[in-house]
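Each remark here refers to the structure printed beneath this line.
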């Protein structure tokens, strides 16, 4: 029965997790056992939260190995070596293991691109490709887990009836070879499989605690069984103690006490000579056969007496049968809620487990090929050896080690998380909230009715392969599009590896059974309910696709995690045939350096003139052509426009521009402009600023644009400094991240400065910021600046005035705005609390809404958005004093930085106040700094810790 391999946080044992440390050996063992706890269904909604605190070894590596190493390895690998030969088996294992290894690499990238909640693969796909695709592929993965449980149950019944209790077979031992779809042995599998399924359903429903011990015991049994096989190969090579048979059919007792066969043409030979070169060479040949053949192209005279094949074999049929043995790589992802550090544990544990199991499979295949004769390897059910398990007879010191180990492995691999997966799909309101356990049991029973491991395995492949293909496609898609939210902690991936993995998945599907492959794809798209529109011809297809895409992009705000800068670049008065305006050129270069955001870019040139003048229209066309060439030169993909305006109509022109630019949901959300350096440009700048704020655009304001590097400049080295003062800190980090994707800024390192008012809290603040930045998957150094440092030149009177000004601003601000603007830690705490719920992270804080660690004097003075900011001269003087002090702190720490990123103080809505106070305010704030990029958010830009 498919069950969960791990509990949720609330289901972890309180006693086992109390006062234990992962560094302690006993603690690690306790946590490993707790990871396999099987809770009651009613326990899933428990309010008590508890953390498992598992690491790489016990949280991912061992559970993944336990899931991958199943019964197929013991009952089918030796037979596959005998049929396909060693060479073809090596190729077969290469295809299987390469497919899972490439998928593991893609999975590691996707899983570390944010927090993966319960539901594992469904959560990843739905959050990256949308709930519709997530549902389609998630249901396929759920079916894969459910059908896999049926295969493991039937495998366990096969071991029990053939090798442990053959007397329980209905119809006696004579029916062991009757494995046809409607023959007696298949009916045995159905009957006993249904009974075992019912037993597991009852155990799960009751929540019996001893079940938690079964998985680690199962893994121990598998490991001991593997070691026993290698020990047997060596022991039999030394002592020649292997079981003897004749080349045709020989009862073992007769072979020992009768010399008739050794005196005739039929000689009694050692079936298990141990590791030797001759046996290895003999087993390199392919021996694919049709149903009923005992040798290629030789039909068995009596299938009841001679060893023969029960169905047709070929390379791809064997590939389909064995592929389920390499699945299980998603175990670590499904256990993300129980991991101490999922972004570290999942890649390391999953890839290490995949490589380990690959090495085990190759070693076992070579061992079987070198230690067991070919005719015995091809005896799938051991009929020539008194219906004994072939692999068990090779083991040492006793065959029962492998028999018991293989039987235990069926339960260890069957107890997985399909009910939890179905519950996660239902949680998104995609399907009704059904009873996951009963639905899983119902589907598993249908698979059991197929009545054979091989028949179930051939169907099971396609569910897993479809899911693996989509994981690879997600990684490739995000890598090629380079979306801003794609920042995996795992760095060792490439889109070409992901595409190769996806192609390999589809190749295995179509090469094995193309009918099943087509059905799986149809089923996926049937669930997705995709609707396609096709045009006529290449141009018609392009137009139809563009129209369809525009209509699909809804005219509303995107999901926060999909936010990306859609740039509206505003340039002014660049028309000149002889003079190159460095401000315009560098602003285009800066927009090109932000192209990693993969968003829309529209460059608008503002030109004084009349739309009725032919000369002005001609000038506008020339400017537009120049802009297109410059955009092409810096590889900035987008559109160029010109806007002719009259000074008397300036406000109306800009208002219309901000409201009408773009089409549907594809419209700019970020205005990129440069600081005016001529007095006549100030009025235009003020109107641009007010229009951008009024239309809820994010603002990027470059000061010192003439010394910004061009896109053809060499790589800069040094630092990009982020001064995280207000709630826009996330946006500052995203902008810095996008810049670092460009070759010019790639050599710079990120530093994040936070100003602390209470030195005793510096360590705590730094730890919290580091944890939050780690969750955002951004590499940066956090530095805490003491707000009281070097304040000898600031008088007590000035300090008191500053505090009074801050208090005055608080008075005129609604409480909600104080909470939003007064502390970045409010948002930081909220994100960390959300992460704690999802990821078991527990962070204790002592912050109150009125007492943050950031310096409130600077923060409130600089980032208040009320009209009262510049209401009277006294308040203005105190504000300037505060700004000067803040500028001193920035210059002292960031004077040598290549770029300083600051939150843009919220501008007044009055054009006069911008011209009279605000611009002077910005000049004082940036005094003695060479390159500054101000970022002002609208409140809609969110950088998420989720994928």
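Residue numbers in this text run from 1 along the chain shown.
Cβ from N, Cα, C; glycine included.
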Transmembrane segment range according to TrEMBL, out of 13-38, 91-116: 91-116
Annotated range (TrEMBL: transmembrane segment) out of 273-293, 294-314, 315-335, 336-356: 315-335
Annotated transmembrane segment segment (source TrEMBL; candidates 166-186, 250-270, 460-480, 523-543): 460-480
Distal contacts, the transmembrane segment (389-413) - CB-CB under 8 A, six or more residues away: 66-67, 69-71, 73-75, 77-79, 148, 152-153, 155-156, 159-160, 162-164, 214-215, 217-219, 221-222, 224-225, 228-229, 231-236, 242-243, 271-272, 328, 368, 371-372, 376-377, 379, 382
Selected stretch (most C-beta pairs under 8 A with the transmembrane segment (359-377)) from 217-234, 315-335, 492-511: 217-234
Of 217-234, 315-335, 460-480, 492-511, whichever stretch has the most CB pairs under 8 A to the transmembrane segment (54-79): 315-335
Cβ-Cβ under 8 Å with the transmembrane segment (460-480): same-chain residues at least 6 beyond its ends: 99-100, 102-103, 105-107, 109-110, 113, 121, 124-125, 128-129, 133, 137, 140-141, 143-144, 147-148, 151, 320, 323-324, 327, 330, 486, 493-495, 498-499, 501-502, 505-506, 508-509, 512-513, 516-517, 519-521, 524
Beyond the flanks of the transmembrane segment (492-511) by 6 or more, those residues with Cβ under 8 Å of it: 95, 98-99, 102-103, 105-106, 108-109, 316, 319-320, 323, 461-462, 465-466, 468-470, 472-473, 475-476, 479-480, 517, 520
